[in-house]
C-alpha cells in the first residue's frame, strides 16, 4: 500500500461541482497523488472501494452525503485493510460531518487529509454496518420519504416540511428494548441508536455520543399525550422535548417489535421484528479535526 495514494469516491451529482474541482486541483498542486472516481448507481461506491483497496490506495475520501459516507465506510470496514477514510461532505444534511466538526467547504475538508487518522467505532445491526446513526419510528419514515428535489431546494428544512405534511400518518411504534442494565418497553414516537449524534437533517437525538467509546447511545422518545405537538417540536429543532427522552449507553441492544420496526441506517432502510444492534470498536480509521466533539481524547503521541 502506497501511503501517499488517495482516491476520492465522488457522488455522480457532484461531478460538475467547481469548488470540488478547485479543491482537488489544489491538493494535487501541493504534491498529493489524488485520483477521482465518480459513482453512477447503487453499488458503485462499494465496488470502487474494493478496487481501490486492491490497487493499494492508502486513503479513501467519501465525497457526497450521509448515504455515500455510509457506503464507503462499510466497504472500507469489510475490506479489513489499513486504508483510512476522509470525508468531503456534499449532501443536504451532512449529519455526521456537522457533528464531527468537519468543514463543509471542500478545500478545508480535504485539508483534513493532513490530520492523523483516528480509530473510531462502527455500529452494526442484523449484518449491516452504519457509521452515524440508526433511527426508528416516525422520524425514519420522514428521512426515507423526503424527496431529493425537495432536499436540493430547501436543504435540511425539507425534512421539517415533509414531516409537517405527513402529520395525518403519525402513529407510534411499539417495542421492547433489552441491553446490559437497561430494559424498556412501550410505545415510542422516535428512536435513535447513535454512534454519532444527529440525524435527519440536524436532529440531535444522541447529544453525548462519542465515536471512540465502544458504546452505542440509545435515545427513545416515548409517545407523549400531545403526539402531534411534540413531533412538531422535535422536527423544528427539539427544544422542549429533551426531558421526555429515555436514554442509555450500551455495548449492544436487542429490539423486539411485534408489528415490525422501520429503521433508517444513514439513509438505508431496514425493517424487522427482531433487531440486534452492536458496536465494533475501532473498526475504521478516520481523518477528523483535532478536538472533534465526537472524540473522547486527543490522539496519542507516537
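Each residue, glycine too, has its Cβ placed from N, Cα and C.
Model, not experiment: these values are computed from the prediction.
Quick look at what Swiss-Prot lists:
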| type | residues | note |
| --- | --- | --- |
| ACT_SITE | 268 | active site, proton acceptor |
| BINDING | 39, 65, 66, 67, 68, 69, 70, 71, 92 | ATP binding site |
| BINDING | 210, 213, 215 | Mg(2+) binding site |
| DOMAIN | 1-129 | domain 'DAGKc' |
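This view paints the features noted in Swiss-Prot onto the structure.
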residue : record                       : DSSP (3 states)
39      : ATP binding site             : coil
66      : ATP binding site             : helix
92      : ATP binding site             : coil
210     : Mg(2+) binding site          : coil
215     : Mg(2+) binding site          : coil
268     : active site, proton acceptor : strand
Using an 8 Å cut-off from the Cβ centroid of 210, 213, 215, can you name the remaining same-chain residues around the Mg(2+) site, in sequence order?
121, 209, 211, 212, 214, 217, 249, 296
Where the distance is taken from Cα to Cα, which of the binding-site residues 210, 213, 215 turns out closest to residue 39 (ATP binding site)?
210
Please give the ATP site's span as the largest CA-CA distance among 39, 65, 66, 67, 68, 69, 70, 71, 92, to the nearest whole angstrom.
17
Neighbourhood of residue 210 (Mg(2+) binding site) by C-beta distance under 8 A, where only residues 6 or more apart in the same chain count
294, 295, 296
Pairwise CA distance, residue 68 (ATP binding site) versus residue 268 (active site, proton acceptor), rounded so that it is a whole Å:
10
Taking only the binding-site residues 66, 92, 213, 215, which one has a CA atom nearest to the CA atom of residue 268 (active site, proton acceptor)?
66
Across the domain 'DAGKc' (1-129), what is the average pLDDT of the model, as a whole number?
95
Give me the Cα-Cα distance between residue 215 (Mg(2+) binding site) and residue 70 (ATP binding site), rounded to a whole Å.
18
Would you find the one among the recorded positions 66, 213, 268 whose Cβ has the most company, meaning other Cβ atoms within 10 Å?
66
How big is the Cα-to-Cα gap, in Å, between residue 66 (ATP binding site) and residue 213 (Mg(2+) binding site)?
21
